Amino acid sequence: MDGTGYCGWCGRPDGACPDRAVCVRRRGTDPPRYCPSCARRMVVQVTPAGWSARCGRHGSLGVEADAPTPPVG
Amino acid sequence: MSDVDGRSTTSAQPVDVLARAEAEVLEAGRGLGEGALREVLSLPDSRLPELLDLAHRVRLRWCGPEVEVEGIVSLKTGGCPEDCHFCSQSGLFPTPVRAAWLDIPGLVRAARQTAASGATEFCVVAAVRGPDERLLRQVRAGIEAIRADEVTRELNIACSLGMLTGEQVEELAAMGVHRYNHNLETARSHFSRVVTTHTWEERWSTLRMVRDAGMEVCCGGIIGMGETTEQRAEFASQLAELDPHEVPLNFLIPNPGTPFEHYPVVEGPEALRTVAAFRLALPRTMLRFAGGRELTFGDLGARQGMLGGINAIIVGNYLTNLGRPAGEDLDMLAELNMPIKALNSTL
């Protein structure tokens with residue numbers, strides 16, 4: 001998983017967010033919901049100090065408490 | 001003269017609503033009625049500092065200087081059969097949230113994160129209409145694990161598992177759940193525009209059973225779901241009638257895929273006016289900053305809210321949304337010289 005390819009907040013290909021400002025804003029309020037490698041919806045668990053996300057094909061993204069948030073695509 | 005609800009009692013000039021609130025709420029500890037709350041919610045921005053100052057003094061007078069800090073976690077995420085129009089966890093809306101189930105070690109880790117923030121409260125939440133046997137087993141096992149962990153054993157545990165039967169209320173009380181959250185969400189007159197799969201009265205019924213079982217009642221809602229100013233006053237009055245131990249105040253996060261995804265974020269001054277009005281309706285109740293405050297208030301607004309009637313706060317992340325790091329809120333409380341409620345003061 002290279003962390004690029006799709007926006008984690010809208011699932012569109014990098015550079016194709018319908019409203020990039022919305023995705024940037026969501027980066028502050030939401031963990032990524034779409035796998036940045038394949039755009040599948042991920043299973044996400046939010047905890048008080050972090051979050052973890054798992055893609056059925058590409059595995060886990062982030063680690064609780066210190067999950068690095070990927071850039072908006 | 002006029003009474004606390006703004007009804008004229010003589011032919012003299014009506015007394016300003018904040019002057020009335022000073023006498024009735026600050027001095028006598030009686031919450032404002034719905035009519036007066038409408039006036040408060042209609043005050044111009046130019047009077048906001050005066051309103052916030054009064055709300056802060058009411059909070060200090062009737063609740064004291066301490067701030068209760070809480071962490072929350074979602075035990076069962078997504079796939080909910082209900083249609084709460086604000087919620088990204090409804091299985092009826094095309095939101096990106098997928099169903100997830102937190103295992104017991106994960107729940108204890110979340111409790112540890114909460115304990116590390118200095119919080120005294122840990123609320124376990126599930127996105128359900130009401131708990132089934134499997135969920136109650138998970139809650140029971142989770143509470144036992146938290147109580148067996150040396151880091152988390154002292155935390156007060158609250159739950160939010162939807163609507164309950166009388167038997168389930170008793171079961172949760174017996175597990176040691178000291179507080180139960182069940183939000184009415186909005187005014188009774190607005191509820192059917194927010195939820196259609198159950199009624200406001202069903203929620204009220206659960207809250208009464210919780211109260212009768214001896215658990216503390218936690219009941220609040222979300223501001224910014226298309227309700228009018230009058231309905232905000234109505235909601236505050238209805239909460240005052242319920243007289244909960246705690247009222248969490250959320251501000252709508254327009255989550256993608258929900259029917260409310262295009263609703264505007266509540267603006268800061270309007271949100272602060274609402275916070276202060278709720279304090280004037282509920283002078284003795286714990287009023288908690290909850291979800292959406294980061295988006296609505298930003299850093300400066302959060303400080304103003306803490307100085308405008310709030311005396312409790314959820315730190316860290318929420319159920320599906322992210323908050324700001326707990327340390328930033330704790331630093332803010334330290335700068336404001338607001339002591340954090342200690343565990344030994346809640347036992």
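Glycine too: its Cβ is placed from the backbone N, Cα and C atoms.
Among the features that TrEMBL reports, domain 'Radical SAM core' is placed at B:65-293.
Non-local neighbourhood of B:Cys80 ([4Fe-4S] cluster binding site): B:Cys87, B:Gln89, B:Ser90, B:Gly91, B:Ala127, B:Val128, B:Arg129, each in the same chain, at least six residues away, with C-beta under 8 Å from its C-beta. The [4Fe-4S] cluster binding site annotation in TrEMBL covers B:Cys80, B:Cys84, B:Cys87.
B:Arg288 ([2Fe-2S] cluster binding site) falls within a strand segment according to DSSP. All protein chains considered, the CB of B:Arg288 ([2Fe-2S] cluster binding site) has 23 other CB atoms within 10 Å. The annotation [2Fe-2S] cluster binding site is assigned in TrEMBL to B:Cys123, B:Cys218, B:Arg288.
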Across the domain 'Radical SAM core' (B:65-293), what does the mean pLDDT come to, as a whole number?
97
In whole Å, how far does the CA atom of B:Arg288 ([2Fe-2S] cluster binding site) lie from that of B:Cys84 ([4Fe-4S] cluster binding site)?
21
